[in-house]
Amino acid sequence: MGIIAPSILSADFTRLGDELIQIKKAGADWIHIDVMDGQFVPNITYGPIIVEACERASDLILDVHLMIEKPDLIIPEFAKAGAHYISVHAEACTHLHRSLQLIKSFGVKAGVALNPATPLSSIEWVVDQLDFVLIMSVNPGFGGQKFIESSIEKIKALSNMLKEKNSTAIIQVDGGINKDTINKVSKAGATSFVAGSAIFNTENYTKAISKLRRNM
Ligand SMILES: O=C(CO)[C@@H](O)[C@H](O)COP(=O)(O)O
Ligand SMILES: [Co+2]
């Protein structure tokens, strides 16, 4: 069964605690937390304080997606705040292997996120360090964007690459995931699905998550 990870980027922040309760009731598996610094991406969101608040408000797995420059400087704070999974962008890490080792040193699962234009070869020599790979299916920075179709071939190629290297890393896909796109990425090999607007921009989260699961 696939993992549904609602992105709180599209949640109502005036009532975050209640939103977290509602998505758990609706059948969510993880909570996806999009951290943006206004440098790596043209948007600014939130930091470890919000991760810590999510940790107090929910017992779901906290999946922290770092869209920031120099992530090593603040990875320890996110780990201490309660992150279970942390992904860093390959494009933002000069010493990617070191960043992954830093995440793992806190007992946190480590992942690499790849922008749509970034080739899979950028993770070739760190596959043995990876618990998951996040394939961006939109350019990072905003929720509610249109799914980029070339992500499907990229996920297929990643799935083959991981098999060849005997890796059990999870393939996560993030951006433009809805009832129409989830089937294609699931068939291609993704098993963790981030969805923001397709869940939080609806009236009924249970129905939204059920629709995603039915179409996996
Ligand atoms: O990392 C990001 C955006 O940079 C995502 O996690 C989005 O928050 C997903 O939003 P939708 O495309 O599902 O609305
Ligand atoms: Co994300």
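Cβ from N, Cα, C; glycine included.
Counting every protein chain shown, 24 other Cβ atoms lie within 10 Å of the Cβ of D34 (active site, proton acceptor). Positions annotated as active site, proton acceptor by TrEMBL: D34.
TrEMBL lists D174 with the feature active site, proton donor. For D174 (active site, proton donor), the same-chain residues lying six or more positions away in sequence with a CB closer than 8 A to its CB are S7, H32, H65, A113, L134, I135, M136, S137, V138, V194.
Around H65 (divalent metal cation binding site), taking its Cβ as the centre, 27 other Cβ atoms fall within 10 Å, counting all chains. What TrEMBL records for S7, H65, G141, F142, G143, G144, D174, G175, G176, G196, S197 is substrate binding site.
According to DSSP, D174 (active site, proton donor) is assigned to a strand segment. Residues annotated as divalent metal cation binding site in TrEMBL: H32, D34, H65, D174.
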Exercise for review: Measure from the Cβ of S7 (substrate binding site) and count the other Cβ atoms within 10 Å, all protein chains considered.
Suggested key: 24
Check your understanding: How far apart, in Å, are the two Cα atoms that lie farthest from each other among S7, H65, G141, F142, G143, G144, D174, G175, G176, G196, S197, the residues recorded as binding substrate?
Key -> 17
Point to revise | Spatial separation of S197 (substrate binding site) from D34 (active site, proton acceptor) - C-alpha basis, Å | key: 13
Exercise for review: Among all chains shown, work out which of the binding-site residues G141, G143, G176 has the most CB atoms within 10 A of its CB.
Suggested key: G176
